[in-house]
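Okay, so here's the structure we're looking at.
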């Protein structure tokens, strides 16, 4: 009976994995399509929005462009919708290898209101994005003439009315596409008055020898330019030096101090039995006393373990080339699906550890584990989605997509969380404590202010953050800008360095805490390990106000809202790393001495 159930669960997981890899293939079949001369190649208009506000994007035809007779929405994958992509058929006909001289898309009379909308878009530096055979096309919809004009009221606003497409092909496949506007074909939209506009386009095809397999390389070359690579490698060297200095310092100091401690305690054992113990040996009867709020602690540990597993899987997919440039929505699809599939790890870790701590209400612990990260994320999403709906932006998720995400949570995440929790509860693992815990806790001595939780968190978070802050700029410029990040190997090295530094600094601070006869190290090691997340959020403030040009309520709320969720995830993940390292260290040192 049990065997049959486990086989069903296994098949269930296999189906989910197959669905995941199917979802990863978010490119349409047209991306690998061979065309004949004169055959229509799909061109889709995606979105428009202020160039400096990447989250504030709108549907292409929210602006009064020429619309084809029947606007058809392209079927999109889950990740594409989460990315804010809303592809619709464009009014331009770009048939394979067919050149077109200046052709009129439509003749349109813009009303005063439409002129005002275009002028407001030009003033905010709106860009448009299209996809031709799954190749991205970017361009601006107009320009502002500020030359020689000090007063903004004297600025001239112009709308581009002619779009020229340069397309390269290799035999029967599209290789490259560029769009540029004609600087001489302008429409003055400075004043609120009706204007007759002839929207036009032209197409020029050229033969190229670039193979189809390398057509996406040009989008990743900006990340690999020599100047950028030098900065990336400087970041790696900076991080490595930090790690070497830190590990060398800690290894030297801790090994010497611990060796002296071991010799001292061994000598004390041979001396008179009534000699008073000092230092970390003195609290051997309290060091493994279970922490306060152990249900919350186990839930945080389970969520952090799941997020750490999620990060590892994301890096594996990145290193094997899944997240190539403009593979629309692949990252979001991977995050949703892998998070759902790894929820069993959170349930197992939390329930197992909670039961090791002699917890009784494991069901409540499981509910707490499921909501510890998803709860704040859900509240943030509800608020930000409401803001996006108010702005009529493409970041607002359609009702159907929300239903799909809810079904994934209800049919995949929750069942796997419960199954993992049941497995963890039944694992019968015991907490491995080298020393016995006394009935009553010792009183913690009065400690100086710099040994408090906040100063320790500041010290613990600064070093790991200093090892990654250079790379953070490129990540932010990619996520909250238009740069493309493709050097995942360097990012993975930085991630490994972050984990190592977090573990070592937490171990060091834990030792100093125990040496000061403070036995409440459980929560302290967790929050010290996770404090790097707070430093990253502090960097968000710096990046937003000093390094970016983002503005407006929607963009501000999206940036700080979702970055708060990401930094909270880092807090849980790195807190788990810090506690696991500290637990390993504490067990090791107390196994090495003889305690009565």
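Counting starts with 1 at the first residue shown.
Cβ atoms here come from the backbone N, Cα and C positions, even for glycine.
According to TrEMBL, the signal peptide annotation covers 1-28.
Among the features that TrEMBL reports, transmembrane segment is placed at 231-254 (among others). Long-range contacts of the transmembrane segment (231-254) within its own chain (CB-CB distance under 8 A, at least 6 residues past either end) are made by residues 463, 466-468, 470-471, 474, 487, 490, 493-494, 497-498, 500-501, 504-505, 507-508, 511.
Residues or ranges marked as transmembrane segment in TrEMBL: 296-324 (among others). Residues 24, 216, 220, 330-331, 334-335, 338-339, 342-343, 345-351, 353-354, 357, 359, 365, 368-369, 372-373, 486, 488-489, 491-492, 495, 522-523, 526, 530, 569, 572-577, 579 of the same chain, all 6+ positions outside the transmembrane segment (296-324), place their C-beta atoms under 8 angstroms from a C-beta of that stretch.
Tertiary neighbourhood of the transmembrane segment (330-354): same-chain residues 13, 16-17, 19-20, 23-24, 26, 77-79, 82-83, 294-295, 298-299, 301-303, 305-306, 309-310, 313-314, 317, 322-323, 362, 365-366, 368-370, 405, 408-409, 412-414, 416-425, 427, 429, selected by CB-CB distance under 8 Å and a gap of 6+ residues from either end. Marked as transmembrane segment by TrEMBL: 330-354 (among others).
If you look up TrEMBL, you'll see 366-389 (among others) marked as transmembrane segment. Sequence-remote contacts of a segment are chain residues at least 6 beyond its ends whose Cβ falls under 8 Å from one of its Cβ atoms, and for the transmembrane segment (366-389) they are 295-296, 298-300, 302-303, 307, 343, 346-347, 350-351, 395-397, 409, 413-414, 417-418, 421, 553-554, 557-558, 561-562, 564-565, 568-569, 572.
Using a Cβ-Cβ cut-off under 8 Å and counting only residues 6 or more beyond its ends in the same chain, the transmembrane segment (395-419) has close neighbours at 9, 16, 55-57, 78, 81-82, 84, 336-337, 339-341, 343-344, 346-347, 366, 369-370, 374, 384-385, 388-389, 554, 558. Residues or ranges marked as transmembrane segment in TrEMBL: 395-419 (among others).
Sequence annotations record features per position, and here TrEMBL assigns transmembrane segment to 457-476 (among others). Outside the transmembrane segment (457-476), and at least 6 residues removed from its termini, the chain residues within Cβ reach (under 8 Å) are 223, 228, 231-232, 234-235, 238-239, 242-243, 246, 483, 485, 490-491, 494, 497-498, 501-502, 505-506, 509, 527-529, 531-536, 539-540, 543, 547-548, 574, 578.
Counting residues 6+ beyond its ends, the transmembrane segment (488-509) has Cβ neighbours under 8 Å at 232-233, 235-236, 239-240, 242-243, 246-247, 250, 253-254, 311, 315, 318-319, 323, 456, 459-460, 463-464, 467-468, 471, 475, 524-525, 528-529, 532, 574, 577-582, 585 in the same chain. Per TrEMBL, transmembrane segment is recorded for 488-509 (among others).
Sequence-distant contacts of the transmembrane segment (521-545) (same chain, six or more residues past either end, CB-CB distance under 8 Å): 287, 290-293, 297, 300-301, 304, 453, 456-458, 460-462, 464-465, 469, 472-473, 476, 480, 498, 502-503, 505-506, 509-510, 513-514, 556, 559-560, 563-564, 566-579, 581-583, 586. Residues or ranges marked as transmembrane segment in TrEMBL: 521-545 (among others).
Residues or ranges marked as transmembrane segment by TrEMBL: 557-586 (among others).
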Beyond the flanks of the transmembrane segment (557-586) by at least 6 residues, Cβ under 8 Å: 55-56, 287-288, 300-301, 303-305, 307-308, 311, 372-373, 376-377, 380, 383-384, 387-388, 395, 460, 464, 480, 498-499, 502-507, 510-511, 514, 521-522, 525-534, 536-537, 540, 544, 550
